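In what follows, a single structure is set out as structure tokens and then discussed.
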Amino acid sequence: MTARPGMHTLTAGRGLLFGGDYNPEQWPEEVWPQDAELMRAAGVNLVTVGVFSWARLEPEPDIRDFAWLDRVLDLMHENGVAVDLATPTASPPPWLGHRWPQTLPVDESGHRLWYGARNQFCPSSPVYRERALSIVSALASRYAGHPALALWHVGNEYGQVCHCDESAAAFRAWLRGRHGDLETLNDAWGTTFWSQRYGDWAEIVPPRRAPYTVNPSQRLDWRRFCSDALLEHYRAERDVLREHTPGTPVTTNFMGLFKPVDYWSWAAEEDIVSNDWYPEPGDPLAPARTALTHDLMRGLAGGRPWLLMEQATSAVNWRPHNLPKPPGQFRLESLQALARGADGLCYFQWRASRFGAERFHAAMVPHAGPDTRLHAAVRAHGRELRGLARVAGTPVPARVAMVFDWASWWALEERGRPSDRINATDQLLSYYLPLWERGVSVDVVPPSADLSGYALVVAPNLFLVGDRDAAALTAYARGGGVLVVGPFSGVVDERSHVRTGRFPAPLREVLGASGEEWLPAPDDEPVRCRWAGGAAFTARTWTELVAAEGAEAVAEFADGDLAGHPAVLRHRAGDGVAWYVATMPEAAALGEIAERALVDAGVAGALPRLPPGVEAVRRGDVLFLLNHGAETAAVPLPEPARDLLTGAVADGQVTLAPRDVVALRPGA
Ligand code: GLA
Ligand code: GLA
């Protein structure tokens, strides 16, 4: 097998990538040379072209016009800008839905969704598949060998779901593959409940709008199917591209912790992992949420560099109230992605649209033109990235892993559970936060990952866990690792059937503890707890009646029915240590748990002392310090270092204004 092209194929000879979505079809052709000129001046070296060009490329079925795109690619090439060429299949032209209404998606209630926006296709529609592959193959054969072509961008932000009859047929075929026969399917879905038994495959439909709560096992399989059906379509497009251009890497842009699509299965089918990420400027947790998302991308990329495909220079337009980014903010965010393993920092979009649904979305060239403070900042950022080229390709080493699983996420957040207040991504973030604050690098990994290289593994919530994954977590701790497990874990199997007996059944032995009741707490009543030393802390929302079976109670509940019962447990398991947290502790208490687990694991942060709001992360031989706080921060340094951004030497300490960043290499 020959090695697939990857991020290195793109960065070789170019260094870090900088650019954005370029939609020249929205502008008269006289504007294009101005764009090229401005791109050159800004150090742009990669643009994504053609994401929404299907109607322009194929105005009528099989009538195609590539001449304009030829000129765009030639122009980019003449100006030293590489092209990430998109397949235009995220937004089919009106003719597709008009002539073949069965290509339009249908929602849970049976309503068809129309053209006039974008994303209007059924992932399982044979006609859509055929028309999509036809334009993709024309595009690939035309641009194979074009010197501007550097990367393929398949579709855009996959996430479509369709409940139509063609989807139902595809769902049945998928279910046959998973379960084999109807009896196994009936068992897996627990259809003795509420008289749901299926006697014929034809009776099975997607979970459509129903009078009451739909079967959670059916819904879990449906989510698996929806992710797989889209993946099958992505693969079909990718295979056409690979056939024509085997040396050109292929990606599709992800959306962070995006629920509908299981990115672990998708990333394996890409040459480069890319992500679109739009932190909310008003969210105080945005810096940590963003760091977590970047760490997920690095995990998806198997530790290799990834590409930030889209971010915004300032406000987006799709939230109800769109806060702008203050000066310095987009640079800070861009460098944060770089620090966490991105080799390319790209934006949506190059030139702000005058018309259409996104005309109030920020861009690299705003409506007011290039002579603006925003565009000046874009240029300055492009320039400084050239000075950081040495960072490209370098790894972000991490000794801590956090386990995250889409199937568990899907299974957890169904209706009809003890509490809607416990959710997978909030749990993930709450356990990530204290590690991020301490400058501890984290890899986000799937439960099936090889954990042997990590000193600490945190599973904030594994509501659904398979026997094999539970055994691997057990073996990891028993073999000398440190494992931290959050509440309401190990509850169901892969079919979303409750594992009976004391919980968490498959992790009971390694945790040296087990429980018998889940006890959500009233919203307005903090749960008082006490560390073994006597100090108090509070938790919220969730408690469990748990007993130690070999573990020590590091903290216990202080009040009420649960007073004196363990709230946090630590167990010497074989050669390692396993922690179980049977509640949702406040941030400071989770910080305390993190610190103790880090001590167990012998892991330290990037620097011993970090002021609040300052993020520290090491990439290769560079230490990035990023000030997300509102105050100027002084950070003590253990050794003299030179800032790659300014050339200044820091000795003893470095001072960071709000939103400032340093990229330090040891030595003066
Ligand atoms: C109703 C229904 C039962 C069951 C309970 C659960 O009473 O009749 O079948 O669903 O609610 O509370
Ligand atoms: C997504 C899409 C882009 C654009 C931006 C706007 O990331 O991929 O086409 O709609 O959002 O923020």
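The backbone N, Cα and C atoms fix where each Cβ goes, glycine too.
Listed by TrEMBL as binding substrate are ASN156, TRP318; the candidate from ARG118, ARG351, ARG354 that the record includes in that site is ARG118.
Considering only the active-site residues GLU157, GLU310, the Cβ with the fewest other Cβ atoms within 10 Å is that of GLU157. Rounded to a whole number, the distance between the Cα atoms of GLU157 (active site, proton donor) and GLU310 (active site, nucleophile) is 11 Å. Confidence annotation: the domain 'Beta-galactosidase C-terminal' (613-664) carries a mean pLDDT of 97 in the model. Under the DSSP three-state reduction, GLU310 (active site, nucleophile) is assigned to strand.
The DSSP breakdown of the domain 'Beta-galactosidase C-terminal' (613-664), given as helix, strand and coil counts, is 0 helix, 29 strand, 23 coil.
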